[in-house]
Amino acid sequence: MSDFEVPPKAKGFKRLFKALFYSKDGLKCAWIEESAFRQIVILALFCIVLASYLAKDFLEWGLLILPCFLSVVVELINSSIEKAVDFTGTEFHPLAKKAKDMASAAQLIGLIFWTLIWGRYLLALYLK
């Protein structure tokens, strides 16, 4: 048996409060350790501000910021998969490479979605 004991799980609002701080720690870790996360967040903030200026109504604004949030979420998942794979060992393994590559591909698809939505929207504004 190890010296480390898992504390009993909190319930109710205390659990939600603890979860909020775990999430804050995760965001802080991603911001400090992952340059790709910082780049995605800065681009997302820029696009959210731009969408607030360009969108004609709430629905249009929501559709413009959707790919921004999606890419931030996918980058968090991508980074967590990379951290978990790196934690399991330092040796190269083909399955570890596949896991990292698939997580990266998910982010690529999110960024393509972002580009398609914004590209189509800005093109329509330009051609008006």
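Each Cβ is built from the backbone N, Cα and C atoms, and glycine gets one as well.
The feature active site, proton acceptor is assigned by Swiss-Prot to E75. DSSP gives E75 (active site, proton acceptor) a helix state. Counting every protein chain shown, the number of other Cβ atoms lying within 10 Å of the Cβ of E75 (active site, proton acceptor) is 24.
Within 10 Å of the Cβ of E34 (divalent metal cation binding site) there are 19 other Cβ atoms, across all protein chains. Summarising the annotation, Swiss-Prot assigns divalent metal cation binding site to E34, E82 and lists similarity to another entry as the type of evidence.
The annotation transmembrane segment is assigned in Swiss-Prot to 35-55 (among others) on the grounds of sequence analysis.
Long-range neighbours of the transmembrane segment (58-78) within the same chain, counting only residues 6 or more positions beyond its ends whose Cβ lies under 8 Å from a Cβ of the stretch, are 26-27, 30, 34, 36-37, 40-41, 43-44, 47-48, 51-52, 103-104, 106-107, 110-111, 113-114, 117-118, 121. The transmembrane segment feature in Swiss-Prot is assigned to 58-78 (among others).
Residues or ranges marked as transmembrane segment in Swiss-Prot: 107-127 (among others). Sequence-distant contacts of the transmembrane segment (107-127) (same chain, six or more residues past either end, CB-CB distance under 8 Å): 36, 47, 54, 63-64, 66-68, 70-71, 74-75, 78.
In this structure the C-alpha atoms belonging to E82 (divalent metal cation binding site) and E75 (active site, proton acceptor) are separated by 10 Å. Rounded to a whole number, the distance between the Cα atoms of E75 (active site, proton acceptor) and E34 (divalent metal cation binding site) is 9 Å.
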